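Per Swiss-Prot, these features apply:
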{"type": "BINDING", "residues": "29-40, L69, E90, 134-135, R152", "note": "S-adenosyl-L-methionine binding site"}
{"type": "BINDING", "residues": "F40", "note": "substrate binding site"}
{"type": "MOD_RES", "residues": "S14", "note": "phosphoserine"}
{"type": "MOD_RES", "residues": "K58", "note": "N6-acetyllysine"}
Amino acid sequence: MDGIRTSLDIEEYSDTEVQKNQVLTLEEWQDKWVNGNTAFHQEQGHRLLKKHLDTFLKGESGLRVFFPLCGKAVEMKWFADRGHSVVGVEISELGIREFFTEQNLSYSEEPVTEIPGTKIFKSSSGNISLYCCSIFDLPRTNIGKFDMIWDRGALVAINPGDRKCYADTMLSLLGKKFQYLLCVLSYDPTKHPGPPFYVPHAEIERLFGKICNIHCLEKVDAFEERHKSWGIDYLFEKLYLLTEK
């Protein structure tokens, strides 16, 4: 087996300092949508969520599920179709409109009075509500608590210097007996500046460990041909389950 890379061979970089000053503005994220630079979107949905979804839901209905930095994630419809209420936040209005169009869902839009210039887009069925604003403005809307958070492509997209504020925002939205599903990426951060940014286990412990039990459920090889252009030669994705201590 010499020369074959496995997930057990590669140690994590515990140091996140190399990327700490990396910044992408909200305008740059919006430009990615305008220019179609959205390789982060997964048209078929996330394989690990698909694998574990029914286990997480345990046959329950009527849960409130939050999608930070939701884009046009197809998983939002998965939850809605199972009888759950979905709330998302996304800075790109284009991304939100594309979600409803591509999922063949009729919707309405209205201003959010608490945040000038912000809109909320609601499915006609009433169980999907997407806010078009910065994640850091969202607490001003008093959107309540959630039973579950699906964080794929959110924490890894947040500027490293904003992670503590982001984590505190997420924790403020969690209700009792919550399940926080978190996907992060592991690669050599000295070879790629991000985003998506590198988030090691130690960083998750730092951000969430005081409030949450942290369990790594699965680690899979996520390296694709396109990742060679990042200058890296391995990429692993890890799915964590965070629960109430």
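Every residue, even glycine, has its Cβ placed from backbone N, Cα and C.
Annotated features taken from Swiss-Prot, shown on the structure.
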residue: K58; record: N6-acetyllysine; CB count, 10 Å: 8
residue: L69; record: S-adenosyl-L-methionine binding site; CB count, 10 Å: 24
residue: I135; record: S-adenosyl-L-methionine binding site; CB count, 10 Å: 22
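A gap of 29 Å separates the Cα atoms of I135 (S-adenosyl-L-methionine binding site) and K58 (N6-acetyllysine). When the alpha carbons of the residue listed as 'N6-acetyllysine' and L69 (S-adenosyl-L-methionine binding site) are compared, the span between them is 25 angstrom.
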